[in-house]
Amino acid sequence: MRRNVLRHNLLTALLLGPATAWLVVFLVLPFVAIAVFSVGERAPEGGYQAAFTLTQYANLPARATAFWNTMVLAPAGALACLLVAYPVAYYLALRAPERWRLILLALVVIPFWTSLLMRTYAWMYVLGGRGIPALLAYVGFDDVRLINTPGAVLLGIVYGYLPLMILPIYVSLERLDRRLLEASADLGATPISTFLGVTLRLSLPGVMTGFSLVMILLLGEYLIPTLLGGGKVFFIGNALVDLFLQSRNWPFGSAIAITLVLVSVVVLLVANRISTRLSGARRVDLI
Amino acid sequence: MSKSYRDGLPINPEKFVDHLMRLKRGSIGRREFLGLTGLGVATAVMARELGIMPSPAFAQEGLGDRMSIATWPNYHDPATFENFKAETGVAVEVNVFGSNEEMLAKLQAGASGWSLFVPTNYTISTYKKLDIIETLDMAKLANFDGSQQDPRFTGEGTIDGATYAVPKNWGTTGFAVNTKKLTKPITSWKEFWDTAMADGDGRTMVHDYQLTTIGNALKYYGFSFNSLKQDELAKAEELLLKVKPHLFAVSSDYQPSMRAGDAWMTMCWTNDGAQLHRDIPEIAYVLGKEGGEIWTDFYAIPKDAPNKPAGYALLNYLMDPKVAVKEHLANGAPSTDARVNALLPKEVLDNPILYPAAELLTPLEFGAAATLTDPARAELMARFKSA
């Protein structure tokens, strides 16, 4: 009996070992290093100099605009993603013919196999002067500018993160018990109130998963605003890149990174809370 | 990124199709087709990179088979590295950067992996202070001849009698204007910034680089390009924040946007100005009459270079005037080496973009070392970008 328990523990340790080691080396240790840097000072030529001070944290308001831009962009981008993704997921899960479903799903996922950088560069050419504006000039609209506009950034974000939003919503809709929809119709609900009262409600966990996934990634986004926004819109991700790669102020960069991680955790917790409440309170079991 | 994607291709598309049709008609064999189109070589290279075919042994011992260089965009003749590889067997990986700060950041963090890099004059003293660049062993650089160098441009490579860097070329920082879109002549930094808020609204680019963007904003008021004075920087910041909403982009990679016609005016370095003007004659290169930056880019070797022998070998190769002249023809920046100038065609030496009139050069300033590490300028740049 005792030996069994021991063997069981050993097995657990063996199974969890690699993942734990991985996380310790590539997540926990760097995080500790960043935390240590964040209470240090910038060396005169840049970099890190050992110290114990909270000045870096006191200096956070110097990047208030960047934080603010991020706090607006992340939910707005996630919302735009959601508005585009929901109809697609709905069609895939409830309307698409069975034999096409797998192919359509694959089409959603396949672009994800190419690096986001490549796909964003492709958009630079599509939106740039030799792309759509050249076509527009051909039909008489001269000097239209699409690249480096907020619209271009939004487009890039929706395009880049769409699969991450579609998939969780699809999964929650796909598991939806169709008999609930019939019941709702039998009881006299219009299609719209069935959608709002049953379908949408039951897919909310998927919506929340997709929403928080996209939003967390957007909190650290810097590539799309740089490439499609012309580096004019400054997010916290851009602030971090500049602090490490331009002004070489590692301690201040670290303090911002720590703050960003904390904010992300809070966002995740709140999203989780909302989604449990929404789905928990409305759980309907037929059996 | 620059020029046409066709430049440097082993074969042009028309010829390729021609050969392909001949292959289909059967008038040439498949093997001949692969040879004629360069596809055979490409396949062999791929196979070697993927480790399918072993790399052949090379004549030069001790150089290894690869090295890495950190440099600027559109800065070399790609054939230079191909020829170097053919001669020595060392493949050169090229890393491209947008600012000296970024190069310094990578070297400070360690393990950059570069065996040669291209810092600008005003950064060398900082590299030396941080003890991260090699004191060059001039015995290994037989092709370098200090007596042939123009002393105006080379001083900062030598500190306390020891040589840490040797010059590649010099240049200026002005602006490029698409004169078809902006027809009013623009001759000063004051006009540059004013135009950015008027006719050039939404079509103007500035560098993502504190030295030049802040420096040229300082020139609007006639202050020094290198100023660290608080009140002068405050004025520059005021201007930058006012211009910000009118800009097309804050980016040091301006050639694609200028070529595509998205941007009509941009801060610009000599070499990019020469390349743009060469390909699109209506793009003019202008030096602000108030002054601005003059610079020299150097070659240096990091202390932690993984392949120092190859770094020295490539540097020595690049110092060969016959090689250097091709580099200058490709990148369009003027040389510091009299031996190279002697080989350059007359129309290059007469090109006012490369060799501006003396009265335009006089007010220009070399970047100052202090700007590289000054926190006030870094924070100003962050405020400008986040505004």
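Cβ coordinates are placed from backbone N, Cα and C, and glycine is handled just like the others.
Pulled from TrEMBL:
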| type | residues | note |
| --- | --- | --- |
| TRANSMEM | A:12-37 | transmembrane segment |
| DOMAIN | A:67-271 | domain 'ABC transmembrane type-1' |
| TRANSMEM | A:72-93 | transmembrane segment |
| TRANSMEM | A:100-116 | transmembrane segment |
| TRANSMEM | A:153-173 | transmembrane segment |
| TRANSMEM | A:193-219 | transmembrane segment |
| TRANSMEM | A:251-271 | transmembrane segment |
For the transmembrane segment (A:100-116), distant same-chain residues with Cβ under 8 A (at least six beyond the ends): 88, 92, 160, 162-163, 166-167, 170, 223-224
Surrounding residues of the transmembrane segment (A:12-37) on its own chain - C-beta under 8 Å, 6+ positions past either end: 48, 250-251, 253-254, 257-258, 261
Contact ranking winner - A:72-93, A:193-219, A:251-271 against the transmembrane segment (A:153-173), Cβ under 8 Å: A:72-93
Distal contacts, the transmembrane segment (A:251-271) - CB-CB under 8 A, six or more residues away: 31, 34-35, 37-42, 48, 51, 56-57, 59-60, 63, 208, 211-212, 215-216, 219-220, 236, 239-240, 243-244
